[in-house]
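TrEMBL lists 686-747 with the feature domain 'CBS'. The feature transmembrane segment is assigned by TrEMBL to 68-92, 112-138, 263-282, 315-335, 355-376, 435-457, 463-483, 490-516, 522-542.
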Amino acid sequence: MPDSTTEDSVAVALLPSLRHATNSSSQVAIVGSNLCPVESLDYEIAENDFFKQDWRARSKTQIFQYVFMKWLLCFFVGIIVSLIGFTNNLAVENLAGVKFVVTSNMMLAGRYSMGFFVFTVTNLLLTLFASVITAFVAPAAAGSGIPEVKAYLNGVDAPEIFSLRTLLVKIIGNISAVSGSLLIGKAGPMVHTGACVASILGQGGSKRYGLTWRWLRYFNNDRDRRDLVTCGSAAGIAASFRAPVGGVLFALEEMSSWWRSALLWRIFFSTAVVAIVLRALIDVCLSGKCGLFGKGGLIVFDVYSENASYHLGDVLPVLLLGFVGGILGSIYNFLLEKVLRAYNYIYEKGVAWKIILACAISIFTSCLLFGLPFLASCQPCPADALEECPTIGRSGNFKKYQCPPGHYNDLASLIFNTNDDAIKNLFSKNTDFEFHYLSVLVFFITCFFLSILSYGIVAPAGLFVPVIVTGASYGRFVGMLLGSKNLNDGLYAVLGAASFLGGSMRMTVSLCVILLELTNNLLLLPMMMVVLLISKTVADAFNANIYNLIMKIKGFPYLHSHVEPYMRQLTVGDVVTGPLQVFKGIEKIETIVHVLKTTNHNGFPVVDGPPLAPASVLYGLILRDHILTLLKNRVFLSSPVAFDSNTLAQFKADEFAKKGSGRGDRIEDVELSEEELNMYLDLHPFSNASPYTVLETMSLAKALVLFREVGLRHILVIPKSSNRPPLVGILTRHDFMPEHILGLRPTLSRSRWKRLRIRLPFLS
């Protein structure tokens with residue numbers, strides 16, 4: 001069964017299907033903002049004769065170097081990602097800070113029209129720059145990048161997702177877009193950035209741009225690179241929120257499809273490096289050496305209160321907060337899915353429409369952010385204010401805006417600010433009477449819808465921070481309505497953020513720890529656990545988590561950990577389809593070239609027959625890349641005989657190493673003479689003689705568990721009877737996709753809908 005294909009053959013058919021129902025069984029997907037071919041990854045080590053000989057020849061020193069390089073690269077990932085994270089925050093705080101200071105100064109002088117013009121044009125130019133470089137330089141950098149990284153760790157590879165070009169556009173584009181006051185975040189792009197850094201280091205640099213380091217090229221397979229990318233994704237979250245333990249748990253709970261204790265230690269090491277480097281850099285900024293950076297960004301939000309105690313009477317409101325947060329989170333996911341599908345319609349019209357949409361969202365956002373505070377009434381400055389009131393400048397709880405001396409605009413303190421400062425204001429302690437009910441409600445509604453509209457534009461954009469801002473405003477509003485004597489409004493804002501995150505992203509442990517590290521308040525742990533559990537449970541009754549929905553929209557063939565019930569009714573023999581391409585152990589070059597040119601299969605079974613074996617017998621599996629390497633080296637035989645023992649010595653392990661993500665040799669690049677086409681090639685030494693095989697009678701559910709847990713690309717299906725040919729077919733990721741299965745068995749789809757109507761009568 002093929003597991004890769006060309007873009008041209010199915011791109012036209014896929015796009016219409018993405019409008020209404022996703023087609024995850026296809027081998028193309030929307031990567032960033034463009035349609036690209038995708039393939040599966042080879043997480044299984046091909047244990048052929050050449051591989052075994054290479055490992056036996058390695059000395060203890062080489063083995064030590066291999067282990068040492070794993071830890072060294074994890075250290076490099078931590079250092080580089082922390083520096084990028086700090087640079088992102090430094091740039092955003094200064095760019096946005098200068099913009100807000102200039103605009104505020106104009107408003108103080110009564111030049112409101114000029115202030116609006118400067119604010120809107122600055123945001124438009126920043127957004128235009130981000131969308132142009134994304135659309136024309138690296139379309140794979142669009143969006144948060146978490147769906148792409150999550151799919152990669154599940155075994156799906158796509159071109160350019162981890163390239164150096166994507167990395168640079170991700171960093172620069174996200175800085176520009178966030179500074180342009182779009183309601184997007186930095187956390188998702190930081191996860192993608194960390195994964196890019198890890199992938200580039202893991203493959204020894206970027207060959208396209210001549211930035212390669214031979215001493216880094218120790219990881220020649222997808223399994224080692226996957227581990228390093230997992231470290232990078234965890235480091236990205238750690239750098240976004242200064243949450244090292246939260247980063248580890250995020251990688252475990254949300255990103256990784258495969259885990260082991262050795263990987264846990266290396267990820268923890270990477271995030272610890274991130275935390276140490278950030279702490280050192282922030283200490284420098286607190287001394288005033290980083291311009292306007294120093295009060296927002298990576299600084300921990302101060303919600304700690306010595307009197308933060310709660311009683312049994314506070315539990316019921318918190319339960320209600322979690323319940324409603326779960327409903328709001330599921331509505332948020334539903335609306336975001338619809339908006340992304342609508343954007344796909346627009347993006348089909350061309351690149352110009354992508355940029356026009358981004359600019360339109362920017363202008364609309366600027367109008368709301370500048371205009372809405374004028375609807376709020378001015379509040380007198382409190383006599384016991386802990387900071388200057390009104391605030392004149394970039395940040396603070398008491399924005400003067402258009403108010404007279406001695407008064408402040410509470411809505412401007414939230415909406416005319418960076419996202420980080422808005423969260424800081426919402427989470428702040430001892431501020432129960434600083435914000436009016438209507439102002440917080442308007443801010444919640446604005447964030448809810450603006451974040452949905454802003455995410456799908458062609459620019460690096462995250463969801464984490466917008467969801468936190470929206471949830472915090474929701475929680476603060478509930479706290480103000482309840483007027484609890486034990487829990488202040490800032491603590492309700494934290495719980496509201498937790499409930500909205502749980503309802504949208506459906507994580508529990510990692511979100512709990514991230515928020516605790518973010519707010520530095522352990523007293524909220526029991527309440528936060530309850531809120532997350534309730535919001536996730538409620539939201540799960542309506543739809544999937546936001547990243548799974550985005551992966552489905554994009555068409556990534558992601559294999560989930562749960563098994564569909566109908567898979568237990570099917571055997572692997574029911575879903576295997578042909579035609580099956582098989583090579584002999586010693587095959588003619590002409591036949592090999594013909595098969596490679598007429599198919600896109602990545603793996604080919606090797607079957608021996610007479611005279612090499614008394615009857616047809618399955619020898620193993622050989623990969624397409626390995627065959628291409630053999631053809632390029634032209635180790636051919638004039639007659640169909642086996643290689644001698646000295647043949648393997650002609651090859652180096654680097655020649656069979658996995659190429660960088662999205663790259664690979666092509667059969668069209670191999671030129672052979674007529675004489676060479678009539679020669680032979682012995683595939684035995686380079687075939688995996690122990691591939692994973694299953695009987696054709698095994699249930700599809702059981703095969704899926706094996707396929708996903710081991711991280712396979714192929715499973716060979718063998719017959720139960722010895723009187724039949726040695727091979728029934730090959731299972732690939734494509735064969736486990738519900739779209740493929742239900743396409744072969746339409747009755748399963750009808751019966752599933754019938755069972756759903758029995759459980760939910762209102763659907764009738």
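Positions of Cβ are set from backbone N, Cα and C atoms, glycine also.
Fewer than three CB pairs closer than 8 A are found between the transmembrane segment (315-335) and the transmembrane segment (68-92), and contact between the two stretches is not assigned (pairs 6 or more residues apart). Beyond the transmembrane segment (463-483), the same-chain residues lying 6 or more positions past its ends with a Cβ under 8 Å from any Cβ of the stretch are 144, 183-188, 240, 317, 320-321, 324-325, 328, 332, 414, 419-420, 422-423, 426-427, 432, 435, 437, 440-441, 443-444, 447-448, 450-451, 454-455, 489-501, 504-505, 546. Averaged across the domain 'CBS' (686-747), the predicted model reaches a pLDDT of 88. Outside the transmembrane segment (263-282) by six or more residues, the chain places 70-71, 74-75, 77-79, 81-83, 85-86, 227, 230-232, 234-235, 238-239, 242, 244-245, 247-248, 251-252, 298-299 with a CB less than 8 A from a CB of the stretch. Where the transmembrane segment (490-516) meets the stretches 112-138, 355-376, 435-457, 522-542, the count of C-beta pairs under 8 angstroms peaks at 522-542. Residue counts for the domain 'CBS' (686-747) under DSSP (helix as H, G, I; strand as E, B; rest coil) come to 25 helix, 12 strand, 25 coil.
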